[in-house]
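Got a structure here, written out as structure tokens. Questions coming.
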């Protein structure tokens, strides 16, 4: 499905291009944008200054939604692995922000330790206070998916004012902080609970300005039949139209994102296609990371420029001696008029201005006499960055796009979308073999049930002792397991990579399916004790 396994110079050239673009962006920010931010106190009104970790970090995915919509299960489905410290259940189980990141060993890092680590992009979360940091942690685990991206799990959003107050920190502000820095925002909805609570509506409002990053997932859609699903989808679109303040329709993915069998398999084909589309979005994140950083920096630079004009205008209007406090109140009250004046005078788009009401609230706490007047040299440097320096980086980004021959995210559920007959665009290339190191004559754990599996195998009418991929797929789909899981089982079972299953390989596939249906996980590589006896001899002679 994806040509991930092609190797050569393109990967090195792509990485070099990304490093060049990223280092250039860091230099431009430090020399031309940061001085303007510091001069006009941009961090006190908007987001704090960026650090190297903000430029060098892996792409991040933010997963948000109301309680029990399947956020943690969705993450574990992507990783094909449990997250340290996580709990899954119908009640609100995730009560903190969890940064799921790659690490050599499994473990958790508490929030207070996390915000002092210069290699992590979370140092600027410190102002949210100890109450928030006690509800923030990093879960590290060795997982191939996390080598390319990091995932932010969020607390389940409840309904009612009591839960909002009891959090003890500004939940929408924290969401806004993450939204500015992540590459993708996934909003999960439960097909059985489409209500959007006041806090969830407020949380979605905090994401305003980042609609291009938002993807909506209608989860647990296998619990309803086709006609009901159509009505649920319509109700979701209507509800989103009331809380998302854009004329554009958000992309909604429909599916059941966990490793259990589908309860109502009528829409299996739809779920497969929707899952593939969502996976493509996630897989493309590393490839577009440099472009996203450039886009976010330009967005930030335009806001900084407008902020400089606003602050300098307020400074110019302040009296030098008497009546300062009254004048301050007048200026804050007339801020919408001031915005309109600045817009006309400097030919600035209305979309570049911050939220007027929020700006008025923030200005109340500041001393206008400490503001600085307009400094043309700083603004000239910013304009030069936007018009010339950024333009010079675009050819490097185009080169990176053209030379990229792979989707960046591998492992986990992404492996199952490209295995054998479960691939939409034909069979994939060779995959690495399983683990080595056990005795060839060790007992095969599938032997005790092989007679049962043989009966099913021969009822499927194999040709020349082998079952074709299409016949095997028809039988495997009957288990109602998701295609990504069946794809991984196919990868493990087709030991000789011939695109077909003999009786031993079919027995192995059946054994793995039963194990999965009982709630067990799948191995990353096939352990030697699971390799069929005849295939052990073949592998031994090849070596």
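Note: Cβ is positioned from N, Cα and C throughout, glycine not excepted.
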Scan 141-144, 145-148, 149-152, 153-156 against Swiss-Prot and say which stretch is down as region 'G3 motif'.
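So the range that Swiss-Prot calls region 'G3 motif' is 153-156.
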The ATP site in Swiss-Prot includes 65, 66, 67, 68, 69, 70, 71, 72, 220. Which of 238, 258 is also listed there?
258
Looking at 278-298, 299-319, 320-340, 341-361, I want to know which stretch Swiss-Prot calls region 'Mediates membrane-binding'.
320-340
Suppose you had to name the range Swiss-Prot annotates as region 'G4 motif'; which of 211-214, 215-218, 219-222 would you pick?
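It is 219-222 that Swiss-Prot annotates as region 'G4 motif'.
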Could you check Swiss-Prot and say which of 23, 73, 493 is marked as phosphoserine?
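Record says 493.
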Radius 10 Å, atoms counted are CB only; among the binding-site residues 71, 220, which position scores highest?
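For the binding-site residues 71, 220, the Cβ with the most other Cβ atoms within 10 Å is 71.
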So which residues does the region 'G4 motif' (219-222) touch in its own chain, when a touch means Cβ under 8 Å and the partner is 6 or more beyond its ends?
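Same-chain contacts beyond the ends: 69-70, 74, 188-192, 229, 232, 254-257, 262-265, 267, 271.
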Sort out the sequence-distant neighbours of residue 65 (ATP binding site) for me: same chain, 6+ apart, CB within less than 8 Å of its CB, listed by position.
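Those within reach of residue 65 (ATP binding site), by Cβ under 8 Å and sequence separation of 6 or more, are 71, 154, 156, 157, 187, 188, 189, 190, 200.
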For residue 69 (ATP binding site), what is the tally of other C-beta atoms lying within 10 angstroms of its C-beta?
24
